[in-house]
Number of protein chains: 2
Amino acid sequence: MKMYNFNSGPSILPEEVYAQAADAIHNFNNTGLSILEIGHRTSWFEEVLHEAQANVKSLMQIDDSYEVLYLHGGATTQFMQVPMNLLDTNAQAAYCDNGIWGKKAIEEAGYFGKVAVAASSKDKGHTYINKTLNVPDDAVYLHYTTNNTVEGTQWHHIPDVSMPLIADMSSDIFCRPMDFSKFSLIYAGAQKNMGAAGVTLTVVKKDLLGKINRPIPPIMDYRKHIEAGALLNTPPVFAVYVSMLTLRWIIANGGLAAMEQRAKERADLLYNTLDSLPLFKPTVAKEDRSLMNAVFILENGELEKQFLDECKKNGMIGVKGHRSVGGLRISMYNALPLSSVQAVCDLLKDFANRKG
Amino acid sequence: MKMYNFNSGPSILPEEVYAQAADAIHNFNNTGLSILEIGHRTSWFEEVLHEAQANVKSLMQIDDSYEVLYLHGGATTQFMQVPMNLLDTNAQAAYCDNGIWGKKAIEEAGYFGKVAVAASSKDKGHTYINKTLNVPDDAVYLHYTTNNTVEGTQWHHIPDVSMPLIADMSSDIFCRPMDFSKFSLIYAGAQKNMGAAGVTLTVVKKDLLGKINRPIPPIMDYRKHIEAGALLNTPPVFAVYVSMLTLRWIIANGGLAAMEQRAKERADLLYNTLDSLPLFKPTVAKEDRSLMNAVFILENGELEKQFLDECKKNGMIGVKGHRSVGGLRISMYNALPLSSVQAVCDLLKDFANRKG
């Protein structure tokens, strides 16, 4: 059966990436060795890492004032590592509260310093993005989540603030061109738009570091990672390789402008279909809808269950909403073909015709 | 050219594991999906994780008073996470200083509480294992490194102490039967004997936790990982899968008794060859030699370079010693065939005949 992968992450990657990754497990770059057995301090791996780092810099169009690190631990570890490196005990940082990942970032930051909530969309179940912020002048940085995977909202502008800007871009990185130079620190778990689970990208402006008094355990100190050339400890070699391949695919397929065009085609098709069918109710304010994750409900719980069953029968996976919000969700990351969205739209229309 | 992989880690894995891992990238368990695109909260991945956890428990013969976690971050993150969870600011822990990894563990622990060095082999360049320890009665745990990858020493007994015992087993886990129930916490980066780089095993006795006053950031709190069923954040799905396959291979190939027999055959062959050739000088006290990493030198630096060149010409990789100690090192992990050791022994003898 043909499968349609609407997972929210880990999710679909390009077919070429699967093929190249599998080949490299048998024989990496004609070395006669598997990518799984090569040392991380070999020139073989260094080439992989350096290409991945260069691809990130090229896609972001950032200069050498930034360092590109591939770290362990997922974005959740960055929720901790960011304030551990940047927020003194008596200082405060501003955070936007726009969904469950932002909330987790706020929670971790609270272990290190004070948190000022600059904006919250909690009053409407995080179904919109705040247009005005209340950022204290002495906040040492503003943190926000560019795309809310669970709630299906996305920032379509970059907040304009005077302090360093930090973003968790886990679920929409590299889906569109952006002025990345407006950020002082960007991080993203790789497992949506830029690779498989098991590695996290952190891009940090060097002049942001070394300004606090807290002693930082070396393994969590961004400066130590930078000094060690991003090889402070054994990196997740294969996950870095898969991310490098995925970034290479993005560049070969037209870069961020092309990714955005494809994302808009997918999202337009899906949201237009949903808007045309009264049975399905998208939950997010129209102007804040995510290009990556479309969240909607069926008001009748029994029908929702029937729809999910029909998805399953048609090989469409990942359509159930996150356990914290329920409903339905269709995720449409970079590697998802438009034909997959067409397939689920056909099912949406057919289902509505039969049940509506 | 046939390759012989003597890497110290990441290193060689069983051929079957490469084949199964590559197959799963194309089509995981006949799902029609790649292992790289499946969600970590699917029953598909849960089966993988649960089999990996069960394999660990079965190999260790430990009961349900232990929890088996697969974590991000490498053993180096455990250097921090262990004292963060177990060592109060005013308490002290005892550490054995037997090599560079133990030293790094001591350094990270110093950020959290007091460290008493229970033993050190620094006086002789870490070429032996201390036979007596000086552990303060109030030490909350004793930490040691069962095998010193860089220096080539290995503990062939388990320290007998009254306080909880903690071990970094990164480079010799599952190479031999042990009474694992003597330990309260065991951790190991997977990339030597139990998988590829990108995931770390932590086995912890539950009653060890929750006894300190420090607020622990949730992502670093072992209890939160346990409460979440080892799925607190997105795990490195593929790395867990490769580890599960590797553990399955160990069990199918006779378990730890068979791994030990193979390790002894490899080590006996290599050390006997080295001992028979005056040109090569093993650096470690005979009774403390590692079954996994044999470290030796050639007193003539020019000859050392020539020998390394000949290894390279013969497809033998990973023979250069760690940059911190120099010399030569042959690593012989679980998946290394005896024939590879025979091949390098043939070269050692031939080289000694020509140059000795």
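We number each residue from 1, going along the chain as drawn.
Each residue, glycine too, has its Cβ placed from N, Cα and C.
Listed features, source TrEMBL:
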- A:3-343: domain 'Aminotransferase class V' (DOMAIN)
- A:SER8, A:ARG41: L-glutamate binding site (BINDING)
- A:ALA75, A:THR76, A:TRP101, A:THR149, A:ASP168, A:GLN191, A:ASN233, A:THR234: pyridoxal 5'-phosphate binding site (BINDING)
- A:LYS192: N6-(pyridoxal phosphate)lysine (MOD_RES)
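Counting neighbouring Cβ atoms within 10 Å of each of the recorded positions (A:ARG41, A:LYS192, A:THR234), the lowest count belongs to A:ARG41. In sequence order, A:THR76, A:ASN233, A:THR234 are the binding-site residues among A:THR76, A:TRP101, A:ASN233, A:THR234 whose C-beta falls under 8 Å from a C-beta of chain B. Nearest in space to A:THR234 (pyridoxal 5'-phosphate binding site), taking C-alpha to C-alpha distance over the recorded positions A:SER8, A:ARG41, A:LYS192, is A:ARG41. Here the Cβ of A:THR149 (pyridoxal 5'-phosphate binding site) has 24 other Cβ atoms within 10 Å, regardless of which shown protein chain they belong to. Among the binding-site residues A:ALA75, A:THR76, A:TRP101, A:GLN191, A:ASN233, the residue whose Cα lies closest in space to that of A:SER8 (L-glutamate binding site) is A:GLN191.
The record assigns A:ALA75, A:THR76, A:TRP101, A:THR149, A:ASP168, A:GLN191, A:ASN233, A:THR234 to the pyridoxal 5'-phosphate site; their largest pairwise CA distance measures 30 Å. Separating the Cα atoms of A:THR76 (pyridoxal 5'-phosphate binding site) and A:LYS192 (N6-(pyridoxal phosphate)lysine) is a whole-number distance of 15 Å. In the three-state DSSP scheme, the residue listed as 'N6-(pyridoxal phosphate)lysine' falls into the coil class. In the three-state DSSP scheme, A:ASP168 (pyridoxal 5'-phosphate binding site) is classed as strand. Around the Cβ of A:ASN233 (pyridoxal 5'-phosphate binding site), 21 further Cβ atoms fall within 10 Å across all displayed protein chains. Regional average pLDDT for the domain 'Aminotransferase class V' (A:3-343) in the model is 97. A helical conformation is recorded for A:ALA75 (pyridoxal 5'-phosphate binding site) in the three-state DSSP classification. A:TRP101 (pyridoxal 5'-phosphate binding site) carries a helical DSSP state (H, G or I). DSSP classifies A:THR149 (pyridoxal 5'-phosphate binding site) as coil under the three-state reduction. Between the CA atoms of A:ASP168 (pyridoxal 5'-phosphate binding site) and A:LYS192 (N6-(pyridoxal phosphate)lysine) there is a gap of 13 Å. In the three-state DSSP scheme, A:ASN233 (pyridoxal 5'-phosphate binding site) falls into the coil class.
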